[in-house]
């Protein structure tokens, strides 16, 4: 009877012990699960934070780049305006020079007409002495020489001006080409960046 009681007592104790063990195990498991969940949450939060930071950095970078591009565009516009002003000034100078040349030509024509009138008058009046004739011839020769020199000078001036204009045109063309190339390159870069950003956004959406 004692043995039976002892056995019974032992069995009950064992049962209690087993239950305690199970409870402990369950508690431990629960704790572990909770810890894991917490860790996962923390990781997720960290990832989200990192993602947000990255996005902000990208936006900031984009803003800076846009500002730089705007500044560059403004500079280009200013340069173009300056070039236009220079061209206008040059055109005005050229017009003034042309007007001066026309005036000189008109004066020369007037002088020639006056000389012809004088000659005609002298011929009509019959006052043509050999002395005067020689003087007149000498004077005419000198004038012709001066005219020839003046003509030569004008030709040279015109040639120089033409050359200068051609050179300037070439330079302007080159500059325009360079600017166009630069703009194209910038556009390409912008497009590439936009594409990259779009791909990144798609990847982020896929991760979500």
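Numbering starts at 1 and runs along the chain as it is shown here.
The backbone N, Cα and C atoms fix where each Cβ goes, and this holds for glycine too.
Keep in mind that TrEMBL annotations are predicted by a computer and have not been checked by a curator.
Annotated features in TrEMBL:
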- 18-54: compositional bias 'Basic residues' (COMPBIAS)
- 57-124: compositional bias 'Acidic residues' (COMPBIAS)
- 129-139: compositional bias 'Basic residues' (COMPBIAS)
- 142-151: compositional bias 'Acidic residues' (COMPBIAS)
- 154-198: compositional bias 'Basic residues' (COMPBIAS)
- 199-208: compositional bias 'Polar residues' (COMPBIAS)
- 1-208: region 'Disordered' (REGION)
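A Cβ distance under 8 Å defines the sequence-distant neighbours of the compositional bias 'Basic residues' (154-198), meaning residues of its chain 6+ beyond its ends; these are 58, 62, 65, 69, 72, 76, 83, 90, 94, 97, 101. Mapped onto DSSP classes, the compositional bias 'Acidic residues' (57-124) shows 68 helix, 0 strand, 0 coil. Residue counts for the compositional bias 'Acidic residues' (142-151) under DSSP, helix first, then strand, then coil, are 10 helix, 0 strand, 0 coil.
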